[in-house]
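Pulled from TrEMBL:
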REGION    A:1-40  region 'Disordered'
COMPBIAS  A:26-40  compositional bias 'Low complexity'
TRANSMEM  A:58-77  transmembrane segment
TRANSMEM  A:89-110  transmembrane segment
TRANSMEM  A:140-163  transmembrane segment
TRANSMEM  A:169-187  transmembrane segment
TRANSMEM  A:208-232  transmembrane segment
TRANSMEM  A:263-285  transmembrane segment
TRANSMEM  A:297-330  transmembrane segment
TRANSMEM  A:342-359  transmembrane segment
């Protein structure tokens, strides 16, 4: 359907009426002010850009990418030292855990669900790691244990949603209360991590040349992203995820394994939350029951900013990564500004979310 | 259908059972649970405590019920409560006479008017722009706490104003003021939506907004109305919470209260899919949550563990209410009947 709608914008440069009709619709094209002569490569490029921007599939991601670059350039003009590779890489270093969370959340939202438990699960896995390491467990046992536990929690949530028809919002809310409560049960105060392996992973830097470096967490996050891209775009499971978001009943009628996929999506989100929790402990080297409050909303915001529709069916993992980077670059600008207080961050993120949702609304409405 | 089966199939059955179970646990752990004493002309007792502490949650849950009935959800209530508290406290602090009744009246009025504006904003995003309620209200949830901190300038504002404190911890005719306010809000909502056709219109919008519009129901205006009402409820709850501690804390006033309110609504049997709601159910749901919290305190479990119990109660109630369970139950009953019939035939 989308392909069909996209076609005239991209493949009919010779049609006389097409550019005249399309021109007012092109919001940003340099030649969008009047009917361009056909065959002009500039006009064709403008038309292609317009089609890209207004397509419900690629439009929101493209807008996010443009906005990210714009914000980064504005930051570079305003602040000295902003335009460095390390500032860019730090977006990944500081937000590695959020990238992993957003990947899991993308799977869930693509099926039209939502997962409110991820922030609490991040805190919980940090608490489990800190408390077990304190009693002398080996990291080689702790990390797999956390990943298994959080996946099982995801499995239970998925089963609750699928078998008992509990709404995702409520099922994951219950999981959130459970995880947050268990954090407090483990300990009410912060537990620091002194395990040499964790400390080593926290402080070690991988040099990239030119004085730039990243942390091992970044590599783990990027591997997760790569796997997610492959799963969503190259496997049968991935296509089923998109199909469920497009219409669960149609998926069922097509004979797709809807039940299995719907439950698995929550297992993936649980696994990602556990992994994100581990990455977060590499970053903070402690477990604290109050950490990551509201992170689930950051993850949802990143996914939405990245162009995934909350009703499911449309969206990309790479868009969510871009969403995380946008949130990160706003944080960085607020840090560089120095005088802005933390509450402005919240107001900024709220305002930005609004802009993106309205943009999505306008762009997707135009095509229907 | 026997009377017993009729009661068991009611939507309120499982929540009420849950409430009774909690009462029973309390009675065992704390024999004086149902005693209500009169001290200095004021009522005291565990039941009164439950009502008083549950009042803010109940007030917000009433607004949330109507929003959920239109197939929406309002995540911003906690932030709105924080903003209302911050506005009221900063006005009282800024006036030369913080103890004056007029000052408090102005502060409360301004806080309520601001909440109306916030409610209209939410309504605008949902009704006019057509943004999904969860995301539309997420914006105010994120930005709202920032706004509240902007008002308090990042500080916890402590006020010393007896008339304001009266709102949160005062008594009138022996009954806590918070309980009276909650009763009035609940009564008004029930009266307006159940004695007029408004409740039916809300439900029709929840079932299908487009069809209701074509049938002549002004869906857009209704959505504006319910989100504004919900924000107003949130502000009232925020004022009670702030008055109770006599301090406005932008970060912690009403933290997680949106989740408690949604839980109260869901435990009360209102479906998040909209179209059907029960204010009485919400009342029972709010009581279940507050009784649960009190139980955790009386039994001597560390209060911190409350959230685990909340999760357990929500899960149990949701599983018991789910269509799958109902089917399994009816299948079980049918099999029993068949077996009984066979037994008769054999003998």
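Here the Cβ of each residue, glycine as well, is placed from N, Cα and C on the backbone.
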Report, as numbers and ranges, which residues of the same chain sit near the transmembrane segment (A:58-77): CB under 8 Å and 6 or more residues beyond its ends. 52, 83, 88, 305-307, 316, 318-319, 322-323, 325-326, 329-330, 332-333, 336, 356, 359-360, 363-364
Are the transmembrane segment (A:297-330) and the transmembrane segment (A:263-285) close, by which I mean at least 3 Cβ pairs under 8 Å that are 6+ residues apart in sequence? no
Most Cβ pairs under 8 Å to the transmembrane segment (A:208-232), of A:89-110, A:140-163, A:263-285, A:342-359, goes to A:89-110
The transmembrane segment (A:140-163): which same-chain residues, six or more beyond its ends, come within Cβ distance under 8 Å? 113, 115, 117, 121, 124-125, 128-129, 132-133, 171-172, 174-175, 178-179, 259, 262-271, 273-275, 277-278
Mind checking which residues of the chain, 6+ beyond the ends of the transmembrane segment (A:89-110), have their Cβ under 8 Å from one of its Cβ atoms? 118, 122, 168, 208, 212-215, 217-218, 220-222, 224-225, 228, 232, 241-242, 244-245, 265-266, 268-273, 275-277, 279-280, 283, 295-296, 298-300, 302-303, 306, 308, 310, 312-313, 315-317, 319-321, 323-325, 327-329, 331-332
